[in-house]
Every structure is written in structure tokens, then in C-alpha cells.
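According to Swiss-Prot, the feature active site maps to His75, Asp126, an assignment based on similarity to another entry. Per Swiss-Prot, the feature Ca(2+) binding site maps to Tyr55, Gly57, Gly59, Asp76. Sequence annotations record features per position, and here Swiss-Prot assigns disulfide bond to Cys38-Cys104, Cys54-Cys153, Cys56-Cys72, Cys71-Cys132, Cys78-Cys125, Cys88-Cys118, Cys111-Cys123 based on similarity to another entry. What Swiss-Prot records for 1-19 is signal peptide, and it gives sequence analysis as the kind of evidence.
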Amino acid sequence: MHPAHLLVPLGVCVSLLGAARIPPLPLSLVEFRILIKCANHNSRNVLDYADYGCYCGKGGSGTPVDELDRCCQAHDYCYDDAEKLPACNYRFSGPYWNPYSYKCNEGEVTCTDDNDECKAFICNCDRTAAICFAGAPYNDENFMITIKKKNICQ
């Protein structure tokens, strides 16, 4: 066999190994997106919140730029508190990986009673944030602000 023929199977194996390491989308973040859409009556694309201000999206630092960014900061802190709960401290049970039950009825978000302690806490974090988002004005200038103004969130 020609050595070049070994490159194809090797490439496939390396690709499969790489794909196996791609993490799935955290489950409760999917639900959080649904709660945002429910509370906001689908008025905004949920991706508009993915990189807004200093706290909306992954991570967060500095001073929130406005009321909506403060909603995201409070949500981040709520998730931090969830990770400290004994009921949420084992692998795949924290705020990002723990799916919970909820209801959405005409813009009203309710966390259902069948959630355990950890799921109930996470659901309430997301519910509170979704309601906060619905009441806070959205300033287009603050979308992707960390790219527009490099040092604003330090």
C-alpha cells in the first residue's frame, strides 16, 4: 500500500476525535432562550442578547452599561449562587446543564412544581432575567460594545 493511502483513514480518525470533543449546547441555556422569547412576546431575536453590554453572553466584567446589562449581571450572579448550592454541585447539574420544567402562557413564565431544588433555582434565575429583559430598554449601541469600545468592560 502506498503511504499516501494511509492519510485518508488517518484524516477521518482525527476528524472523528475532534468532533467527539465539541461540547453540546448547554441544555438550560436552550430553555433560557425560550423563556426570553416568552416574556418578550417574541419581540426581539434572542441572539440580540448574546453579546450585549458587559454581561450579556459568556462571562462578564466591569460596570454594566445600562439596565438590560444589569439584568444580565444579576443573571450571572444568580448562576454563580446556583453553583454553590449543594443540590447543584455535581457534574452536569449546574446552571448550564440542568434542564428544568416551566410553562409559558401569554408572556407569563412559570417554573413548575416538579423541579427539584437545583432545577427550581435555575429556572427562577432564568425566569427573573427574562422578565427583567422584557422591562428593560434595548439600546442597539450596546450590542457588541466590547468590540466597538475595547476597554469599556474592564
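Glycine residues also receive a Cβ, built from the backbone N, Cα and C atoms like all the rest.
What Swiss-Prot annotates, mapped onto the structure for a quick look.
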residue : record              : contacts (Cβ under 8 Å, 6+ apart)
Cys56   : disulfide bond      : Tyr49, Ala50, Leu68, Asp69, Cys71, Cys72
Gly59   : Ca(2+) binding site : none
Asp76   : Ca(2+) binding site : Tyr55, Gly60
Cys78   : disulfide bond      : Pro95, Asn124, Cys125, Thr128, Ala129
Cys104  : disulfide bond      : Ile34, Leu35, Cys38, Thr110
Cys123  : disulfide bond      : Glu31, Tyr100, Ser101, Tyr102, Cys111, Asn115
Cys132  : disulfide bond      : Leu68, Arg70, Cys71, Ala74, His75
Cys153 (disulfide bond) versus recorded positions Gly57, Cys88, Asp126 - nearest by Cα: Gly57
Cα-Cα distance linking Asp126 (active site) and Cys88 (disulfide bond), given in Å to the nearest integer: 15
Inter-residue Cα distance where the pair is Asp126 (active site) and Cys118 (disulfide bond), in Å: 13
Alpha-carbon distance [Asp126 (active site); Cys54 (disulfide bond)] in Å: 18
Additional residues surrounding Ca(2+), by Cβ distance to the Tyr55, Gly57, Gly59, Asp76 centre under 8 Å: Cys54, Cys56, Lys58, Gly60, Ser61, Cys72, Gln73
Residue pair Gly57 (Ca(2+) binding site), Asp126 (active site) - Cα distance, angstrom, rounded: 13
Cys54 (disulfide bond), number of other Cβ atoms within 10 Å: 23
Cβ neighbours of His75 (active site) where a neighbour is any other Cβ within 10 Å: 23
